[in-house]
Amino acid sequence: MALYLKAAEILEKAEQKKGAVKTLVYESKFQNIKQLFALVCETQKYSSVLQEIINSTKLLKETKLRIHLAKVLVYDLLIGHGVKCGGAWKTMMLKHRSRLNAALARIKIKRKVSRNQDLLPASFQQTQDDVIPRYVRVNTLKTTLEDVIDYLKREGFSYQGTASGLEDLDRLSGKTFLCDLHLQDLLVFSAKTVFHDHFLYKAGHIILQDKASCLPAFLLNPQVGSHVIDACAAPGNKTSHLAAIMKNKGKLFAFDLDAKRLSTMSTLLLRAGVTCHQLANQDFLKVDPQSSEYKEVKYILLDPSCSGSGMVCLRDEVSEPQDEGRLQALATFQQRCLNHALQFPQVQRVVYSTCSIHSQENEEVVSACLQQNPAFRLVYLLPNWLERGHEPFTECLRASTAKTRTHGFFVAMLERRPPQTDKENLVITTLASGGEEKQDTHQSGPSDEEQENMETENEQPTNPESKKKRRRNRKKHKQQES
């Protein structure tokens with residue numbers, strides 16, 4: 001019974017973006033970690049099929065089970081190795097087994113397949129051979145890259161230098177590891193490498209974080225001692241990354257609406273040695289940009305709630321056509337958050353990121369905000385990055401298992417345009433109104449120095465006395481005009 005309760009809890013947290021499945025499983029302290037991890041992962045793989053079975057049999061109405069608990073129980077009953085608990089749950093599931101089996105059989109007939117694995121969504125089947133390596137970010141608040149590499153080498157790991165391309169990542173096996181091509185404090189190991197019980201992880205010297213998730217803080221790159229906002233901060237890996245870049249100096253305001261997530265985040269930041277942060281259980285949309293508390297904020301990282309469609313472990317959830325209403329609601333919320341971030345009077349850079357593959361949550365949100373905030377523009381990120389934003393937003397980055405060996409991700413950076421001169425403002429106003437660029441009639445004539453340069457360019461060189469005489473004549477002429 002404990003196995004199913006814990007699996008249902010982790011399944012729900014993972015779908016709510018409260019952490020990676022493997023991290024949630026290991027932090028659960030469950031007695032049989034491997035059994036729990038396998039059950040959660042397999043239930044996720046078949047999630048859409050299980051949902052269809054549960055809906056068609058009206059299982060929730062008849063059993064009063066919650067959806068995530070029902071999924072893990074139905075998975076083990078129909079696809080796994082049978083319900084392992086005893087008592088009322090097993091009796092209840094056995095009572096409905098014939099109807100559930102019939103529903104599974106109907107789905108197979110409808111899809112013209114004979115094996116359970118053939119029910120997996122096509123997108124999952126196409127990418128199941130694409131393995132994401134294990135990424136480990138060195139926490140420079142507590143240690144150095146060199147010390148971590150030396151420690152691991154003493155444990156029998158083999159350091160292979162810095163990666164030069166994806167093929168180097170694909171060749172990783174056993175205890176070999178590399179430095180990442182783009183992020184110098186990121187180490188890359190084979191996918192099966194486990195660090196959840198390792199001393200370096202428990203001591204906060206390393207952070208288990210996917211490469212794509214490291215990009216937002218890396219690209220924002222706030223100056224040491226600056227004031228920064230992490231708008232939707234939990235579970236906290238990006239916050240600790242920002243603090244490391246800031247060298248724990250300055251102020252790091254971190255907001256999240258979920259009190260439980262914020263509590264977990266506080267523990268994570270304590271373990272990581274973060275001291276420059278100020279946590280607030282608050283809705284970022286209700287934070288006043290004009291407050292004197294945030295008058296020096298120049299950098300904002302915004303990673304709002306999204307569909308999670310880029311997460312590999314949830315890929316079966318998003319392979320089917322998405323609920324357009326839900327996507328639109330998310331995009332509206334994301335657009336409100338990004339617009340709000342751009343209202344802080346001194347902000348210079350805002351990084352917007354999601355773990356979504358949908359344009360509605362990515363390029364379309366950025367496009368709408370740029371139209372409403374002409375004082376900002378996109379920054380072209382990492383020119384040598386393989387996967388770009390959809391046209392015409394190629395300044396942005398996308399990430400995927402196939403092209404970057406990461407989870408699916410999107411990153412854009414908006415920066416405030418430099419102040420414009422009066423002439424530039426005139427040109428922009430004229431062009432915006434459909435006219436041609438014209439000389440500003442209110443603009444004063446060239447200065448004495450500019451006039452002299454113009455004359456010098458058009459005349460033969462003269463002696464210094466002639467130049468002085470011309471200056472005196474111009475000065476006298478201006479005095480007469482006034």
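For all residues, glycine too, the Cβ spot is worked out from N, Cα and C.
Those TrEMBL annotations? Automatic predictions, nothing curated.
Taken verbatim from TrEMBL:
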type: ACT_SITE; residues: Cys355; note: active site, nucleophile
type: BINDING; residues: Cys232, Ala233, Ala234, Pro235, Gly236, Asn237, Lys238, Asp256, Asp283, Asp303; note: S-adenosyl-L-methionine binding site
type: COMPBIAS; residues: 447-458; note: compositional bias 'Acidic residues'
type: COMPBIAS; residues: 467-482; note: compositional bias 'Basic residues'
type: DOMAIN; residues: 124-417; note: domain 'SAM-dependent MTase RsmB/NOP-type'
type: REGION; residues: 431-482; note: region 'Disordered'
Query raised in the report: If you skip the near sequence neighbours and keep only those at least six away, which residues in the chain come within under 8 angstroms of Cys232 (S-adenosyl-L-methionine binding site), Cβ to Cβ?
Result: Phe255, Asp256, Phe284, Leu302, Asp303, Pro304, Ser305, Cys337
Query raised in the report: Ala234, Cys355: which of these recorded positions has the highest Cβ count within 10 Å of its own Cβ?
Result: Ala234
Query - Model confidence over the domain 'SAM-dependent MTase RsmB/NOP-type' (124-417) (mean pLDDT, whole number) - result: 92
Requested in this report: Calculate the distance in Å between the alpha carbons (Cα) of Cys355 (active site, nucleophile) and Asp283 (S-adenosyl-L-methionine binding site), and round it to a whole number.
Outcome: 20
Requested in this report: Write out the long-range same-chain contacts of Asp283 (S-adenosyl-L-methionine binding site), meaning residues 6 or more apart in sequence whose Cβ is under 8 Å from its Cβ.
Outcome: Phe255, Leu257
Query raised in the report: Just how many other Cβ atoms lie inside 10 Å of the Cβ on Lys238 (S-adenosyl-L-methionine binding site)?
Result: 25
Query raised in the report: What is the number of other Cβ atoms found within 10 Å of the Cβ of Gly236 (S-adenosyl-L-methionine binding site)?
Result: 27
